[in-house]
Amino acid sequence: MFLELINFLAQFDAGFNVLNYLTVRAILAMLSALFFSLMLGRVFINQLQQYQIGQIIRTDGPKSHLIKAGTPTMGGILILFTFMISVLIWGDWSNIYLWIVIVTSIIFGTIGFTDDYIKIKHKSSNGLSFSIKFLTQSLGAIVISTWIVLISQDSIQTQLLIPFFKDTMLPLGIIGFLILSYFVIVGSSNAVNLTDGLDGLAIMPVILISGALAIFAYLSGHYNFSSYLNIPFMPGTGELFVICAALIGAGLGFLWFNTYPAEIFMGDVGSLFLGAILAVITILIRQEILLFIMGSVFVAETLSVIIQVSYYKRYKKRIFLMAPLHHHFEKKGMSEPKIIVRFWMVTLILVLVSLASIKIR
């Protein structure tokens with residue numbers, strides 16, 4: 001939004017051109033989102049408390065969680081709002097990737113908001129039915145995946161990049177690309193949702209992964225860097241650098257209030273939209289495999305639920321004391337802060353491993 005104003009002012013003073021630089025806009029986007037989050041966070045929490053919009057705790061969960069009952073939830077609205085405002089201020093409105101991310105955020109944020117609203121209205125831990133939730137997520141994923149295919153200008157954009165190997169890309173074709181994108185979007189959205197069970201557990205991995213994706217987006221969108229590093233050049237993806245920076249700022253601002261002991265939870269409105277936009281950004285820069293690596297904490301949480309449910313249905317026994325995985329460790333007596341920090345550490349290590357793929361190939 002400011003780019004037009006900046007270009008106009010640059011006609012009178014060339015110094016304004018510095019605000020056109022991608023790195024400058026990314027820094028300003030991150031700082032703006034962080035500032036908005038910190039300024040609005042306390043007011044937002046007070047409003048949630050006033051209207052008694054609090055977390056509903058499962059009675060069959062860890063007993064230590066009962067004290068969290070009534071903690072303000074739907075904090076994902078704060079993340080979504082500050083993220084989108086920052087992106088719209090500092091982003092390039094002529095870049096189609098910006099609008100793909102914005103629309104994805106709105107679609108999955110709306111699904112999550114509806115789910116949270118039903119839980120609060122009925123004072124139950126059950127929101128949307130599984131079938132409706134899965135159907136709406138699927139429709140959203142199909143729409144976004146199809147949109148990405150329609151704007152693809154090069155066959156590279158429908159190939160799967162294999163990290164750590166030089167010039168290795170797997171042709172998917174349009175159908176293969178749509179199928180992969182569908183599973184990445186729906187899977188990532190639900191994985192972050194399942195992980196969001198402890199204070200700050202989900203948001204820090206999202207921040208760390210966003211940081212890595214910002215680097216990959218910047219390199220992929222820069223012809224000289226991508227050529228030197230032997231990374232496929234994808235024009236326009238550099239704008240995702242600004243978007244990732246805004247997400248980092250919004251995430252850090254939320255973590256200020258969400259860190260243990262949390263003053264607010266993100267709810268499904270936050271987790272579903274965060275997982276979805278991580279997936280979409282990854283798809284746009286063709287780094288799906290690296291998302292799987294960096295997001296292994298999310299993957300492990302999801303697999304623990306799938307394994308637990310499948311095994312119980314077949315043998316009427318449980319493999320884990322409780323699923324998702326973080327609850328299993330709680331049941332074993334590990335403190336919540338220790339679980340959270342260790343999951344953060346695992347994510348940080350895997351993010352660094354993924355970043356190593358820039359040079360190791």
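Easy rule for this one: first residue shown is 1, then count along the chain.
Quick reminder: no glycine exception, Cβ is built from N, Cα and C everywhere.
These figures come from a predicted structure and were not determined experimentally.
The annotation transmembrane segment is assigned in Swiss-Prot to 26-46 (among others) on the grounds of sequence analysis. If one looks beyond the transmembrane segment (26-46) by at least 6 residues along the same chain, the residues whose Cβ comes under 8 Å of a Cβ in the stretch are 19, 72, 75, 77-79, 81-83, 85-87, 89-91, 214, 241-250, 252-254, 256-257, 263-264.
Annotation source Swiss-Prot lists transmembrane segment at 70-90 (among others). Long-range neighbours of the transmembrane segment (70-90) within the same chain, counting only residues 6 or more positions beyond its ends whose Cβ lies under 8 Å from a Cβ of the stretch, are 1-2, 25-26, 28-30, 32-33, 36-37, 40-41, 44-45, 48-49, 52-55, 98, 101-102, 105, 109, 112-113, 116, 120, 242-243, 246-247, 249-251, 253-254, 257-258, 262-274.
The feature transmembrane segment is assigned by Swiss-Prot to 93-113 (among others).
Taken from Swiss-Prot, the feature transmembrane segment applies to 131-151 (among others), supported by sequence analysis.
The annotation transmembrane segment is assigned in Swiss-Prot to 168-188 (among others). Within the chain carrying the transmembrane segment (168-188), a Cβ under 8 angstroms from the stretch's Cβ atoms is held by residues 104, 134, 137-138, 140-142, 144-146, 148-149, 155-156, 158-162, 232, 275-276, 278-280, 282-283, 286, 288, 291, 295, 298, 302, all 6 or more beyond its ends.
According to Swiss-Prot, the transmembrane segment annotation covers 200-220 (among others).
Taken from Swiss-Prot, the feature transmembrane segment applies to 237-257 (among others), supported by sequence analysis. Away from its own ends, the transmembrane segment (237-257) comes close to residues 22-23, 25-27, 29-38, 41-42, 45, 75, 78-79, 82-83, 86-87, 90-92, 95, 97-98, 101, 200, 203-204, 206-207, 210-211, 213-214, 217-218, 220-222, 263-264, 266, 270, 274, 277, 281, 284-285 of its chain (Cβ-Cβ under 8 Å, at least six residues beyond either end).
Feature annotation from Swiss-Prot assigns transmembrane segment to 264-284 (among others).
Annotated transmembrane segment per Swiss-Prot: 289-309 (among others), in sequence order.
Tertiary proximity for the transmembrane segment (338-358) is limited to same-chain residues at least six positions away from its ends with a CB under 8 Å from its CB atoms, namely 163-164, 198-201, 204-205, 208-209, 211-212, 215-216, 219, 229, 231, 260, 290, 293-297, 326, 329-330. Marked as transmembrane segment by Swiss-Prot on the basis of sequence analysis: 338-358 (among others).
For the transmembrane segment (289-309), the residues of the chain that approach it from at least six positions outside its boundaries are 160-163, 184, 187-188, 190-192, 194-195, 205, 208-209, 212, 216, 275, 278-279, 282, 318-320, 323-326, 328, 343, 346-347, 350-351, 353-354, 357, judged by C-beta separation under 8 angstroms.
The stretches the transmembrane segment (93-113) and the transmembrane segment (200-220) are not in mutual contact, being linked by fewer than three Cβ pairs under 8 Å (pairs 6 or more apart in sequence).
Long-range contacts of the transmembrane segment (200-220) within the same chain, counting only residues at least 6 positions beyond its ends with a Cβ under 8 Å from a Cβ of the stretch, are 22-23, 26, 192, 226, 229, 231-234, 237-241, 243-245, 247-248, 251-252, 254-255, 258-260, 262, 266, 271, 274, 278, 281-282, 284-287, 290-291, 294-295, 297-298, 326, 339-340, 343-344, 347-348, 351, 354-355, 358.
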